[in-house]
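Feature list (source: TrEMBL):
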- A:66-466: domain 'Major facilitator superfamily (MFS) profile' (DOMAIN)
- A:1-20: region 'Disordered' (REGION)
- A:64-82: transmembrane segment (TRANSMEM)
- A:131-150: transmembrane segment (TRANSMEM)
- A:156-177: transmembrane segment (TRANSMEM)
- A:226-248: transmembrane segment (TRANSMEM)
- A:315-334: transmembrane segment (TRANSMEM)
- A:355-376: transmembrane segment (TRANSMEM)
- A:382-406: transmembrane segment (TRANSMEM)
- A:413-433: transmembrane segment (TRANSMEM)
- A:445-464: transmembrane segment (TRANSMEM)
Amino acid sequence: MAPHNEHQSQGITGSPVLPVPKDVMDELSSAQATDLKGRPFALPVDSEHKAKTLRLYSFASPHMLTFHLSWISFMTCFFSTFAPPPLMPVIRDNLNFTKVDISNAAVASVSGSIISRLLMGTICDLAGPRYGCAILIMVTAPAVFCMPLVNSVTGFIMVRFFISFALATFVSCQFWMSSMFNSKIVGLANGTAAGWGNVGGGVTQLVMPLVFSLIRHQFGAEEFTAWRLAFFLPGVMHVVMGLLVLTLGQDLPDGNYAALKRSGDKVSDTFDKVFWHGVTNYRTWIFTITYGYCLGVELTVDNIIAEYFYDRFDVNLSTAGIIASTFGFMNIFARPLGGIVSDLTARRFGMRGRLWVLWIIQSLGGVFCVVLGLTHQLTSSIVVMLIFSIFVQAACGATFGVIPFISRRSLGIISGLIGAGGNVGSILTQVLFFSSSKYSSETGIMLMGVMTLACTSVLFLVYFPQWGGMLFPPNSKTTEEDYYGDEWSEEERSAGLANASYKFAANSRSERGARRAVPVSA
Amino acid sequence: MACCHKLLAVTVLFAALFQATEVEGGVRFSTLERNLVVNAQIQSQNVSSGVAKVGVDSLAVQWNLNSSLEIEVDSEYASVKVKLCFAPKSQIDRGWRKTDDDLQRDNTCPKEIATKLYRSEGNFVVWRIPKNVPGGEYFVRAYVLDTQAVELAYGQNTDDAKTTNLITIIPITGRLPSIDIAGIVLSLFSVVSLCSFLLAETLLGRKPAMS
């Protein structure tokens, strides 16, 4: 293979573009399947060098190593963001909170990441997900270390606000998965990485009370000191994961952004164009709303569920933590399941199937949320909560089965906007239903379910000209190349800048479903 | 037949589960007679402060049967449980401290001061306030229990509206200097190691490409 710096390469994926016919190029690419340094990939790859399978037990560089770094660092951020709720019965006595204070802190804990998720999308597009993830996780570590020092309501709210910036690692995680894994399994890869990351919200409900107990009984610390010491655990996790991502992580299958840019293998895009194409795509905004009612609901429940069981059913702190943690633990399989169902449906029904499946799953999540609010008995509450968690989390996974197809050029900023929308949904539900003494928590949960059902119905408005929408069939004159090529101007297209998008368009023809299978060469 | 047996077993199990988790109501506070007279004072190094510091100060509590009552009213009284209870001011906007007439669901009195055998007079206890008591306004209540630990009567050191003779308790913060230092050091480590890494990668990148 000729030295890479002789090739004219464009696009986010950094694969070389040769002046040869496309089918010859494909054959060459998959036959050689080596990265730019000439080493063969451990997994089978496509023409963009994205992996075609997901081997969960493997740590092979770059695809699987990236997968594991990505989900573990995201899990760490979820862990630290939702570390206060299971210890709230102790913290509320130490800092003398009222219900409004707790609710304000809960709102703050999902607000910071709105800003950071938007920024992270752009950072990923321009500087790469590795730097984005590592910088964020190490810069929020001081915020986590400030939690043991908090002495007042204001301090607590500020610290929860700054820790929540770390949830933007979600965007880098999804962006990274979409860069490393082929579109046929992108739903599964995104769903598994994000689901296992979200498990942090469950792990923390279990682990923080245990660590608190350990510090109290083994080290004999006072309660009001023990909860503070417990927060050093998430802080240290931040630092460790940040260092691992910096040393072991890689932006793309072919290398890091900076190295690829220097050798001419990656062309930088500009912020304003990437931003423009992201925000002017109406589908971005529809999914921003709907994601607020799957992830948003999940975040709200992470914040309130331990206290809900502790106060309503009179269980002790550790038991409430265990029950609450099962909600988060369902993410291990529920979110990937959503991604898998989305991918499997797409094989037969294409993008239309993905949209229908998402609407059905998320609406059922809303239904079971209503039922949870109406359940008065402990055991049945737990059962309903588990069923509710499966549907809500699968909906998150199914959402990210669709998002990689909304845009190729602005994938980062769109992931950021939609991720931010999840947080806005959480803020809305917390402020509307859980901040005042007007509603009891159970009424709040029921109303949250009703709002979920209402807001999920906007999915009917999504339409892809080349694939169709929920109610309307596709426009047979529009192709995938037209849709993705339209993000680039005439001059950009003739300069060859859109070639990565065209490559993606060819790979995305699977979204037509089995009935309209078309030969791969255009 | 086997499947019918299994179904029956499962149904009985569920019924038992639901039964087991049904909580029986406790004694209602409004049915209790206020037959004890309770007094509580702060014992403090700093006598004039009027407030009690956790871990340092103590509460001295005395209780006896109201002498104006009939002689036989205490025939079933077996033991006395003395508790520290939140005054209404410390319960506002804090649903987890709510007062409920059903004593099994009542959250007014979080801390137990002492449990003693019942005597009609001469009862006295000095209680060092533990460090896990939250700050706020409190009063002291003593419940009289029978041999089955069911509440029969009570007494408290404040009036029925719980506004007089309240005890103000000052809590600890829980912070220690060592925690502060550890937090600052680890934060600095995180930021400095990040910056060093980024700097090193930028500088190394400027050297001629290796492969």
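Cβ atoms are placed via backbone N, Cα and C, with glycine included.
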Two-stretch contact, the transmembrane segment (A:156-177) and the transmembrane segment (A:355-376), at least three Cβ pairs under 8 Å: no
Of A:64-82, A:226-248, A:382-406, A:413-433, whichever stretch has the most CB pairs under 8 A to the transmembrane segment (A:131-150): A:226-248
For the domain 'Major facilitator superfamily (MFS) profile' (A:66-466), mean pLDDT (0 to 100): 89
Chain residues in Cβ proximity to the transmembrane segment (A:315-334) (below 8 Å; excluding those fewer than six residues from its ends, i.e. six or more beyond): 82, 85-87, 89-90, 195-196, 198-206, 208-210, 212-213, 301-302, 305-307, 309, 378, 382, 385-386, 389-394, 397
Cβ-Cβ under 8 Å with the transmembrane segment (A:382-406): same-chain residues at least 6 beyond its ends: 174, 178, 183, 186-187, 190-191, 194-195, 198, 281, 283-284, 287, 290-291, 294-295, 297-298, 301, 305, 323, 326-328, 330-331, 334-343, 346, 351, 354-355, 357-358, 361-362, 364-365, 368-369, 371-372, 375, 414-415, 418, 422, 464, 508, 511
